[in-house]
Amino acid sequence: MNTAKVDVLLGLQWGDEGKGKVVDVLTPRYDVVARFQGGPNAGHTLEFEGQKYVLRSIPSGIFQGDKVNIVGNGVVLAPDLFMAEAKDLEKSGHVLQSRLHISKKAHLIMPTHRLLDRAMEAAKGKDKVGTTGKGIGPTYTDKVSRNGLRVGDILDRFDEKYAAHKERHLKMLASMGWTDLDGLEEAEKVWMEGVDYLRGFHLVDSEHELNRILRSGKSVLCEGAQGTMLDVDFGSYPFVTSSNTVCAGACTGLGIGPNRIGNVYGIMKAYCTRVGAGPFPTELFDETGRLIRDLGHEYGAVTGRERRCGWVDLVQLRYSIMVNGVTELIMMKSDVLDGFDTIKACVAYRLPDGTETRDFPYEIDNVTPIYKELPGWKTDMTRFTSEAQFPQAFKDYVDFLEAELETRIGIISIGPDRDQTIVRQSM
Ligand code: GDP
Ligand code: IMO
Ligand code: MG
């Protein structure tokens, strides 16, 4: 008997694949949506009814009816940023407090974590990661080194605990020669208001809650943040984030057993982007790269930084599909390539010793992509409503990707709006 009721949706590239949009589209199929890792480094964009929203810490199921959304223990939460995000949603008429539940085991990002993020980046000099500056790395470091402050801590003797953590951080900053504490007091004031605001939410033991939900026969969609190439174990280390973005992260970040996982939806763009530093084999430095950036509006949802753009990389995607156990692919932003005469896909890498590989190697900063060139479909597909309207060249492109990746593409996104989504018929 298959008792799995948990599906996981996650990014297969370097983040920003369009996870937020698809979670919103799929939410009506589920009872609960849960985030399992990451924090306000994420920027998940949703568009519907002429409105655009960017979510950072709040799961993307929040706009569909009265569904309960859960922020799991694997997430790191900045109370000040959370408050700003939640209040914005409340202003636009979305009531959150009754249906947004937050794990008491989620770790808190303190203002001093953000300073430590800056100090650590500065110390790395030219090798810096290009983090979002949200204090993600230092907060997860404190968690793993057993020094963290958790959401549950705000319920008891919080000021005392906060002061001890701040003191420790200030010592660390001083030892790194970081003296710029400008704005810290002001930031702490807003942060403490955020802590008060947080107390108004359901602070829960989300592992108990989720397993209760599952026992009652309900279903859960887990929303990943970042992407597999930013995973701390399997990504392009050290140019990664500090959490497990892969499917296994849903188990540790929510307290769900692996035997509960059903479908694993892997999201990919029809091309590839990366923001921040680190290797990116198919990156384009030419006019085509600029064209993809402009047509795809490839600028960071959190930092506004230009995203680096390149062709889709099937070596990299095969690896991501493998480590996540992806059962179905979702392809985003194919409309960005609607006008291209030809489209390239990297099918293998040439290694420095001249050999070719289709397997993702330990290092990717010295590989040369080997491309297959396919004809473009040269059709504006943004108003299509069914796959029956797909031009033959596009169908051929999809068939090619499915064969190369040995995985079915179940959903194709042809524009940023909720409605610009084609769910393909099961075969
Ligand atoms: P996420 O972090 O994975 O949720 O993705 P982001 O929101 O950071 O980046 C995806 C961007 O692409 C957002 O601006 C979306 O509105 C937009 N988007 C999503 N799907 C599509 C699509 O199919 N076509 C186009 N043109 N834009 C899309
Ligand atoms: P979503 O969920 C794209 C990148 C940063 C940097 C590296 C480490 O919107 O897909 P961090 O602040 O996490 O320590 O930065 O990871 N990064 C992302 N890139 N999308 C994201 O999230 C990202 N979150 C972090 O640019 O290279
Ligand atoms: Mg994003």
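Keep in mind that glycine also has a Cβ here, set from the backbone N, Cα and C atoms.
Curation does not apply to TrEMBL; its annotations are automatic.
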Residue among Arg293, Arg305, Arg318, Arg350 sharing the IMP site, where TrEMBL lists Asp16, Glu17, Gly18, Lys19, Asn41, Ala42, Gly43, His44, Thr132, Arg146, Gln226, Thr241 as binders: Arg305
Cα separation, His44 (active site, proton donor) to Gly18 (GTP binding site) (Å, whole number): 7
Binding-site residues near ligand 3 among Gln226, Ala301, Arg305 (Cβ under 6 Å): Ala301
Residues satisfying Cβ distance under 8 Å from Gly43 (Mg(2+) binding site), sequence separation of at least 6: Asp16, Val54, Leu55, Arg56, Gly300, Ala301, Val302
Contacting recorded positions, sequence order - Lys21, Lys143, Ala301, Val302 vs ligand 1, Cβ under 6 Å: Lys21, Ala301
